[in-house]
Amino acid sequence: MNTLQLINKNHPLKKNQEPPHLVLAPFSDHDVYLQPEVAKQWERLVRATGLEKDIRLVDGYRTEKEQRRLWEYSLKENGLAYTKQFVALPGCSEHQIGLAIDVGLKKQEDDDLICPHFRDSAAADLFMQQMMNYGFILRYPEDKQEITGISYEPWHFRYVGLPHSQVITAQKWTLEEYHDYLAQTVRQFA
C-alpha cells in the first residue's frame with residue numbers, strides 16, 4: 001500500500017488500479033469499506049478521542065463507476081462549477097483506493113454525501129487535533145485550492161501514515177506540497 005500516492009487530475013490512477021484488499025470500517029451508518037490499516041487507524045482514532053457517539057464515517061472506498069455516478073449526479077443537480085470544486089473526476093479520486101474518508105457529525109443524519117457537515121463543533125475540533133497522530137491529514141485545507149484543485153473540504157481526510165501525517169500537519173502543507181518537498185530533498189542528495 002503506497003499511502004503517499006498522489007491522486008488528482010494531474011496524477012490520475014493507473015488503468016484498473018484498485019486496492020488489494022478492503023475491510024468493513026466501524027462507526028458508520030451503512031457499509032463503508034477501507035484498506036485494512038486505514039480502518040484500523042480510523043477505529044483507534046475514534047476510540048482514543050471518545051467520539052464514538054459524536055461522529056460517523058460517511059464515505060470511504062468508491063469504485064470508478066460509483067465515482068462517475070457521483071460526478072454525473074452532482075453535475076445534474078449542482079452544475080459544472082460546483083462539481084469541479086467538490087467532486088474529483090472519475091479516475092482521479094482518492095476514494096477509489098480506499099485511503100480517503102469523509103467524516104460527518106452523527107446529529108446531521110440528513111447529511112449531503114458530497115459535502116457532509118463536519119466543522120464548528122467540539123467533536124470536529126477534537127478530531128482535527130488528534131487525526132495526525134493516527135496517520136490522517138485534512139486533504140483539502142482552506143486557502144489551498146490553487147494547489148489541490150479542490151475547494152476546502154473540512155470533512156475529507158486522507159490516510160498517509162506516520163510520520164508523514166505529523167509532518168504535513170505541522171507544516172500546514174497539502175499532499176502536493178509534501179510531494180514537492182520530498183522531491184526537492186531527493187534532488188539535494190542525489
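The backbone N, Cα and C atoms fix where each Cβ goes, glycine too.
What Swiss-Prot records for this protein:
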BINDING   E66  Mg(2+) binding site
BINDING   Q67, A88, S93, H95, D102, W155, H156  dipeptide binding site
BINDING   H95, D102, H156  Zn(2+) binding site
BINDING   H95, D102, H156  Cu(2+) binding site
ACT_SITE  E153  active site, catalytic acid/base residue
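Taking CA atoms as the reference points, W155 (dipeptide binding site) and E66 (Mg(2+) binding site) are 19 Å apart.
Note: the CA-CA distance between H156 (dipeptide binding site) and E66 (Mg(2+) binding site) rounds to 17 Å. In this structure, S93 (dipeptide binding site) belongs to neither helix nor strand by DSSP; it is coil. Put simply, the two farthest-apart Cα atoms among Q67, A88, S93, H95, D102, W155, H156, the recorded binders of dipeptide, are 17 Å from each other. Here D102 (dipeptide binding site) is positioned 9 angstrom away from E153 (active site, catalytic acid/base residue), judged by their C-alpha atoms. Mapped onto three states, the DSSP output places E66 (Mg(2+) binding site) in helix.
Cα of D102 (dipeptide binding site) to Cα of the residue listed as 'Mg(2+) binding site': a distance of 15 Å.
Same-chain residues that are not part of H95, D102, H156 yet have a Cβ within 8 Å of the Cβ center of the Zn(2+) site turn out to be V58, D59, G60, E94, A100, I101, R139, E153, W155, F157. Within the same chain, residues at least 6 positions away in sequence whose Cβ sits under 8 Å from that of A88 (dipeptide binding site) are I7, N8, K9, Q67, W71, E94, H95, I150.
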